[in-house]
Amino acid sequence: MPMTIESIGLVAGALAVALLLALITTPIVKNLAQKWGAVDVPKDGRRMHDHPIPRMGGLAIFLGFLLSVILFLPFLGGEGLDPQVRGMLLGAVVIVVLGILDDIYALPALPKLIIQIVAAVIAVASGNLIEVISNPNIFSADPYWELGWLAYPVTVIWIVAVTNAVNLIDGLDGLACGVSTISSMTMLVIALAMAEPQVAVLMAALAGACLGFLPYNMNPAKIFMGDTGSTFLGYVLGVVSIQGLFKYYMLISFVVPFLMLGLPIFDTCFAFVRRIAHGQSPMHADRSHIHHRLIDMGLSQKQAVAVLYVISAILGLSAVVLTTLSPVRAMLLLFALCVAGGVSARIFLHNNGGYKNGDEPHDNKGEHKP
């Protein structure tokens, strides 16, 4: 279905309604979180706040998104929601329920991972599948590689990875919510350019819900989204990024989702490599994420978040540009981005000193963190 005036109006309506719903329901969710005991009490040096703050705010994001999608998506035509969307929403419900329980009871990592895999399998069973990937050899006569049976595990791994990537960057007020807003807006722009109205409505609803929650989550935060929000955002972004023409659009489309979700993915990859290099479990929590390092370099929370917003926006803009370029020019842009990223990472790590195994970073006041 092409992007008509009516479908663009639906996209705008989905964004506006989701924003208003999240804006209205967040104070209600805040009171509910306090009543249920879903409160983040600072207990270690990784926490950037010094007093208890309600979490579980992601429930407001979920409600804004869900109601907006149910209200606007059926108007695109067809008989209600298609199987892919229904499967995604069902999996999202599983993720949100898991997040609520985790925000209240602090569940162990393994059961959470298993349930996240179940949610990913639900999405895959509903038709959300990476069936092909682009051939990185732009001179090949075959532009795509068929995955065959590998499509199923590859898709599950992708969804679970993005789900946790967004969760791992949720370390500063407004960071994960703002980065998810930028990622969803990037996907919205690409969906409009590719005439993918369903993806556009989904991303408009997600961006609107994030924008409605963001005023309560910016520093100093009145409420955290918690695992309820961060895993939900990662799950939806992971699933929608493989819907429609996103997996077919161009020869280098394989990297477009990585750029759209660039900051959480790159930070997670660096975190895993760093922990393994230090002889730690990849799931070991630490204070060496990029947002922690910016704080330790002397930036305030607001400044660090602003820097990461800019980085995320640059990556998102690069993803948009890539969808408009010829394969050769796209590869040249990718090469330039890789070089710039490598040089920036080298300078960043050099200026910040790097951390050896067992070292603890210092906060922006110079106080040693236990």
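Cβ coordinates come from backbone N, Cα and C, glycine included.
On a predicted model such as this, the values are computed, not experimentally measured, just so you know.
Annotated transmembrane segment per TrEMBL: 6-25 (among others), in sequence order. Within the same chain, residues 59-61, 63-65, 67-69, 71-73, 75-76, 188, 192, 197, 200-201, 204-213, 215 sit at least 6 positions outside the transmembrane segment (6-25) and bring their C-beta atoms closer than 8 Å to a C-beta of that stretch.
Sequence-distant contacts of the transmembrane segment (56-76) (same chain, six or more residues past either end, CB-CB distance under 8 Å): 1, 6-7, 10, 13-15, 17-22, 25-26, 28-30, 32-33, 36, 38, 85, 89, 92, 96, 99-100, 103-104, 177, 197-198, 201-202, 204-206, 208-210, 212-213, 216-217, 223-233, 236. Annotation source TrEMBL lists transmembrane segment at 56-76 (among others).
Sequence annotations record features per position, and here TrEMBL assigns transmembrane segment to 88-106 (among others). Among residues of the same chain six or more beyond the transmembrane segment (88-106), those with a C-beta under 8 A of the stretch's C-beta atoms are 33, 36-38, 55-56, 58-59, 62, 66, 69, 81, 112, 115-116, 118-120, 122-123, 126, 128, 163, 226-232, 235-236, 239-240.
TrEMBL lists 113-130 (among others) with the feature transmembrane segment. Proximity of distant same-chain residues to the transmembrane segment (113-130), defined by a Cβ-Cβ separation under 8 Å and at least 6 residues beyond the stretch ends, is recorded for 83-84, 86-88, 90-92, 94-95, 98, 147, 151-152, 154-156, 158-160, 163-164, 231, 235, 239, 242-243, 247.
Cβ atoms under 8 Å from those of the transmembrane segment (150-168) belong to residues 95, 113, 116-117, 119-121, 123-124, 128-131, 176, 179-180, 227, 230-231, 233-235, 237-239, 241-242, 261, 264-265, 267-268, 271, 289 of the same chain, restricted to positions at least 6 beyond its ends. Feature annotation from TrEMBL assigns transmembrane segment to 150-168 (among others).
According to TrEMBL, the feature Mg(2+) binding site maps to Asn167, Asp227. Classification of Asp227 (Mg(2+) binding site) by DSSP places it within a helix. Its Cβ placed at the centre, Asp227 (Mg(2+) binding site) has 25 other Cβ atoms within 10 Å.
Residues or ranges marked as transmembrane segment in TrEMBL: 199-216 (among others). Through the fold, the transmembrane segment (199-216) approaches residues 3, 7, 10-12, 14-24, 26-27, 30, 57-58, 60-65, 68-69, 72-73, 76, 85, 174, 177-178, 180-181, 184-185, 187-188, 191-192, 222-223, 225, 229, 233, 236-237, 240, 243-244, 246 of its own chain, all at least 6 residues removed from its boundaries and within a Cβ separation under 8 Å.
Here TrEMBL flags 223-242 (among others) as transmembrane segment.
Among the features that TrEMBL reports, transmembrane segment is placed at 248-273 (among others).
Sequence annotations record features per position, and here TrEMBL assigns transmembrane segment to 304-325 (among others).
What TrEMBL lists as transmembrane segment is 331-349 (among others).
According to DSSP, Asn167 (Mg(2+) binding site) sits within a helical segment. Around the Cβ of Asn167 (Mg(2+) binding site), the same chain contributes Ala176, Asp227, Ser230, Thr231, Gly234, each under 8 angstroms and 6 or more positions distant in sequence.
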